[in-house]
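Here is what Swiss-Prot says about this protein:
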TRANSMEM  21-41  transmembrane segment
TRANSMEM  69-89  transmembrane segment
TRANSMEM  100-120  transmembrane segment
TRANSMEM  160-180  transmembrane segment
TRANSMEM  220-240  transmembrane segment
TRANSMEM  251-271  transmembrane segment
TRANSMEM  303-323  transmembrane segment
TRANSMEM  386-406  transmembrane segment
TRANSMEM  413-433  transmembrane segment
TRANSMEM  454-474  transmembrane segment
TRANSMEM  479-499  transmembrane segment
TRANSMEM  519-539  transmembrane segment
Amino acid sequence: MVKLTTWLKKIGWGETITQRIFCFYIYCILFGSLLLFLPIALQDNYQKVVSYGIDWQGKRFEQKTDYNFLDALFLSTSAFSDTGLSTVVVSKTYSIFGQIVLAVLLQLGGIGFVVIAFLAWRLFNFHKKEQYSFYEKLMLQSERGGSKLGNTSEMILVSIIFLFIVELIYGFLYGILFYFIPGFEPANLFADHAKVSTQLKALVVDSNQTIAAFNDINKAFQAGFFHSLSAVNNAGIDLIGGSSFVPYRNGLGIIIQWLTISQIIFGGIGYPCLFDGFEAIKKKIKYGRHTKHQFSLFTKLTVITNIVVILLFFTLLLMVEFIASDSLTNTIVNFSDEKKSLINTQLQSQSNQAIHASVFGNNPNASRVMQLFFMVISSRSAGFSVFPVASEIQTTKIIIALAMFIGASPSSTAGGIRTTTLAVIFLALVAKFKGQKEVKAFKRSIDQTTVIDAFLVLIISLIAVLLTAVLLPLSMEQPVSFIDALFETTSAFGTVGLSSGATVNIALDPNRNTFNFLALCLLMVMGQVGVSSSVLTFVRKHPKANSYSYPKEAVKIG
């Protein structure tokens, strides 16, 4: 009986800090699932909209199917992990109550459940001088803290206040922009014809119908504040429609893109970096501009790695887009007469250049460059899309998948293996090639345990993502390529939310394969918690210590 009680305590609460945080997350997801499964959370009684838009003939379509608890669990996991993958069109499936539940889950997952509890405790005990315990400090550090325990609480308070202010200001800005900028519903460029590839079928042009938020003050600010909350938490869920930010891919929509980019960076850079920046500004104000702030190794590695990764992937996407013969730009410019006969009848008589402008706007090349830059930033963890991902060629999908796999920074709202992991692995390889015994960066030596952990994170992440990508298509009725399956699993692990269409296929799968739902949910939680913390969940509080050691012997490898 005692053993059973002990086991139940371990399952329900956990022994270690990591186990308890993991349990908090699971309970929040399950509770959110129950709320999203209530009839009050849905617009239509247990029906979900899986696709919505305008077809190539200009007719509005809406595809519905049954809504079940797996959908609620998937959306709750996606929202709490700040991923954005969805089996439904959120704005057409959930009621105001359901959208509020999603917003709360986004905020809880982005800021952190333990951090929210800490803020609530500070709010209701502001008049007391009571100090929180060493254990509570460890809980905060484990979820959103940096490497130093002493300044964890101050760092979290500063970062949260800053992010809340950003959410409010940007919410008002988005509301104004959504109200005044006429975002048009995207219409399919091609007919659903057997001769047209999946890539070309996904191409869109603007229809003559605006989105619901345009000239509607209530819907504009509702969508604005929801988007602000989603963007700063790097979630990728929106209330615009079924095509993410495609209505704002050109023209004045670029203003919204730049605002979103800045929020994604604020949310994904990590609390330690935000606090470091705050400390630097505070010192400049207090002691003058001649004072030099000593930035932490974490901040230096994070900022430099982020810049390098963004520039690298942006350059790769530009090269593929403007050099590859089968890229979207070159494909449209070189449309054959056979292809043109299958497109929207209103565009058939136009030149290829005019059709190209219809897809990419009045400044096609500039718009396409901006779209690719937005996709690079968004693919780091956010998941907003200004172009249908399914229309991209396989090479582009692989590049975006690599960016999603890396993710953004630790102690942030982002997922993936994290930028610091990549930086440590790169520095370790450089040290090995130079014959150095220590891994060094900015006049600091990185602990050997950290180096080993970085390689473990990489290996475990690769195994989890690749294994799921191999198994995912096997149980689906509709054919899905390995690249698309890999894109989907990487998106889940990186808590990004970009989709090549596989998630919709899962939602439409008549077999209702539970494995696909749960596998992606598991990857989303792993990406949110972090691989290191996920592995530590299974570590005992007091591991059995060996009182002996064996002789060492070299083993030939490679």
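Glycine too: its Cβ is placed from the backbone N, Cα and C atoms.
Ranked by the number of CB pairs under 8 Å to the transmembrane segment (69-89), the listed stretches 160-180, 220-240, 251-271, 454-474, 479-499 are led by 479-499. Remark: the transmembrane segment (160-180) makes no contact with the transmembrane segment (21-41), by the rule of 3 or more CB pairs under 8 A. As a quick check, the transmembrane segment (386-406) and the transmembrane segment (479-499) clear the bar of 3 or more Cβ pairs under 8 A, pairs 6 or more apart, so the two touch. A contact links the transmembrane segment (479-499) to the transmembrane segment (220-240), because at least 3 Cβ pairs that are 6 or more residues apart lie under 8 A. Under 8 Å from some Cβ of the transmembrane segment (251-271) lie the Cβ atoms of residues 110, 144-146, 155-156, 159, 162-163, 166, 170, 173-174, 177-178, 181, 183, 227-228, 231-234, 245, 298, 302-303, 306, 361-362, 367, 370, 373-374, 377-378, 380-382, 384, 386, 408-414, all in the same chain and six or more residues away from its ends.
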